[in-house]
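Accompanying notes for the structure given below.
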């Protein structure tokens, strides 16, 4: 992977168009292969960039979002050539569509989740979540938000250290790492049923492992204390395969 993001920093320096009525997301692909970002918005919110697009290695895309936008973004990898008419991704696939059209990515997938303010609060809440497993490193960094703004991230490649019973392979290659919930489908690991509250739902050994490697990521269903970040910035940078 590249170790610097010089084009990105130039982009930040020269972006001058900013609407006081919206927030910019700058999406950067720092991986050494193409990533297809997928976007799923919360019901009632507009979907930017047709909910999915191709981002080649070293490329950036700028999305303009309205205030109070809420949704998630994830990276898809190993996608087939759309010219064949059979678009499919090895990780994060959304019903075989380039543009996800209201469909979430099939886990395991590293998620960037955000709620950019509400009628009751101007604060932005966001996280990088491993609750649905992991497929590639990603970070969300505020730009111009001031002191106290947090960085949400999982910069490490968890596929390298994924426990064997959580590994997902495609064509002999490890492409993802399941969460304990996805692997077991039990209430205890999924924080459902009798475990659907912070008192009963505790991080699993796998959650502890993910947290130790990616301390700035959301590792299980009730990880608000260290996983959830807040800010009020005019723009954020989401980087796939961020420099370590």
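The backbone N, Cα and C atoms fix where each Cβ goes, glycine too.
As given in TrEMBL:
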- 1-20: signal peptide (SIGNAL)
- 31-241: disulfide bond (DISULFID)
- 79-89: disulfide bond (DISULFID)
- 94-100: disulfide bond (DISULFID)
- 149-231: disulfide bond (DISULFID)
- 154-214: disulfide bond (DISULFID)
- 162-177: disulfide bond (DISULFID)
- 181-190: disulfide bond (DISULFID)
- 191-201: disulfide bond (DISULFID)
- Message: Cβ neighbours within 10 Å, counted over all protein chains: which one of the disulfide-bonded residues 79, 154, 190 has the most?
- Response: 154
- Message: Given the disulfide-bonded residues 149, 181, 214, find the one whose Cα is closest in space to the Cα of residue 94 (disulfide bond).
- Response: 181
- Task: For residue 191 (disulfide bond) and residue 181 (disulfide bond), determine the Cα separation and express it in whole Å.
- Result: 8
- Message: For the disulfide-bonded residues listed here (89, 149, 201, 214), tell me which residue's CB has the most neighbouring CB atoms inside 10 Å.
- Response: 89
